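Everything on this sheet refers to the single structure shown next.
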Amino acid sequence: MSKNIIILSGDHVGPEVTAEAIKVLEAITQARPNVKFNFDHKLIGGAAIDATGSPLPDETLEASKKADAVLLGAVGGPKWGTGAVRPEQGLLKIRKELNLYANLRPCNFMSEKLLDLSPLRSEIVKGTNFTVVRELVGGIYFGTRKEDEGNGEAWDTEKYTVEEVKRITRMAAFLALQSNPPLPVWSLDKANVLASSRLWRKTVTETIEKEFPQLTLNHQLIDSAAMILIQNPSKMNGVIVTSNMFGDIISDEASVIPGSLGLLPSASLSSLPDKNTAFGLYEPCHGSAPDLPPNKVNPIATILSAAMMLRLSLNLKEEADAVEKAVSKVIDNGIVTADLKGASSTTEVGDAVAAEVQKLLK
C-alpha cells in the first residue's frame with residue numbers, strides 16, 4: 001500500500017518538526033513492509049516568498065491537490081513582517097483552495113506526568129478531553145472587508161449560510177458518534193448579539209435534532225465558554241463546534257491547558273473521515289518559533305498530527321494508535337524537551353518515539 005504525502009516544512013522550526021514526523025512514519029514502514037509513504041517536499045510561507053515571491057506557489061497547490069494528505073510544519077516569522085505579501089496568506093489560501101472546511105484540534109493529556117505542567121491546578125484539568133471542531137473556510141476571515149483608506153474607517157463581515165453550518169455540524173456529530181456512548185456536542189456562538197450566530201444556533205439545533213437525535217447538544221455563548229475552559233475544562237468534554245473566528249480563539253485558549261503548544265496536533269479536512277480516507281492537511285498548533293535555538297523545539301505536536309493523518313486520511317488506525325502510545329511512553333520516560341521541563345533535544349525525542357513505534361508494531 002503506497003500513500004503520497006506532500007511535506008510543507010515552511011519556516012524556522014517547521015523543517016525540524018516535519019523531519020521528526022517523517023522519521024516516525026519511516027519507522028512504521030520498517031515495521032510494516034507492506035506500507036509505503038512517498039514524501040514530496042514543497043514550499044509554503046516565508047520560504048516560498050523568498051524563492052518565488054508567492055506564499056503559496058501554484059506548484060505547491062497542484063501537488064497538494066493530487067496527494068493523499070499534506071503534512072505542514074509552521075509558517076511565518078519577523079523577516080516577512082506585515083507587508084502586502086505575508087506567509088500566513090499561503091495558509092489561508094491553501095485551506096480555501098483545498099476546501100479544508102473543518103479544523104479538528106484535540107485537547108487532552110497524553111500522560112499523567114503532564115498534569116503538573118498545566119498553568120491550571122492539576123485537580124482542575126485532570127480528565128480534560130475534548131476536540132474543537134472549527135469551521136475553517138467561512139465567516140469573518142473570508143467575508144467582505146474594507147481597509148482604512150485614510151478616512152479612519154475599516155470593517156469586516158461575518159457571514160454564514162445554512163449549508164456551511166450544516167456541513168460543520170455533521171463533522172462534529174460524526175466525531176461524537178465514534179465513541180460509545182456518543183460524546184456530547186457543544187456549540188459555541190454569540191446568538192444574544194449576532195445575527196450570524198442566531199442562524200448558526202438554529203441550524204445546528206435543527207441538524208442535530210433531525211439527523212442525529214441520539215446526540216446530546218448543548219449551546220454555550222462563546223464568552224461563557226471561555227470562562228468554563230479555565231474554571232472547569234472537563235465540563236466541556238466531548239466535541240466543541242464553532243465558527244472560524246470563535247474557533248481560532250477558543251482553540252488557542254484550550255491549547256495552553258495541557259501545558260505546552262508543542263503537544264497539540266491538528267487536522268483540517270475536506271470531507272467526513274467516514275472511510276478513514278478523507279483528504280486533509282495536518283499541522284502542529286504551534287507557530288514557527290523564530291527565536292528558538294536549533295534542535296530545541298518540541299516535535300510531539302507534529303508527530304501527533306502525523307498520527308491523525310494515519311487515522312483519518314490514510315486508513316492506518318493500528319499504526320496511528322501505535323504512534324500515540326509511543327508518544328505517551330516517551331513522555332512517561334521523561335524524554336521531553338525544555339518546554340516540558342526536560343533536557344532532551346528535538347531529534348532525541350523523535351528517535352525515542354520512532355524506536356517505541358517499531359517495538360509496538362513488531
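A Cβ is built for glycine as well, from the same backbone N, Cα and C atoms used for every other residue.
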Substrate binding, same site as Arg95, Arg105, Asp223 - Swiss-Prot member from Arg134, Arg145, Arg198, Arg201: Arg134
Neighbouring C-beta atoms (10 Å sphere around the C-beta of Arg86 (NAD(+) binding site)): 18
Euclidean distance between Cα atoms of Lys296 (NAD(+) binding site) and Asp248 (Mg(2+) binding site), Å: 26
Three-state secondary structure, Asp223 (substrate binding site) (per DSSP): helix
Largest tally of Cβ atoms lying within 10 Å of a Cβ, found at which of the binding-site residues Gly77, Gly287, Pro290, Pro293: Gly77
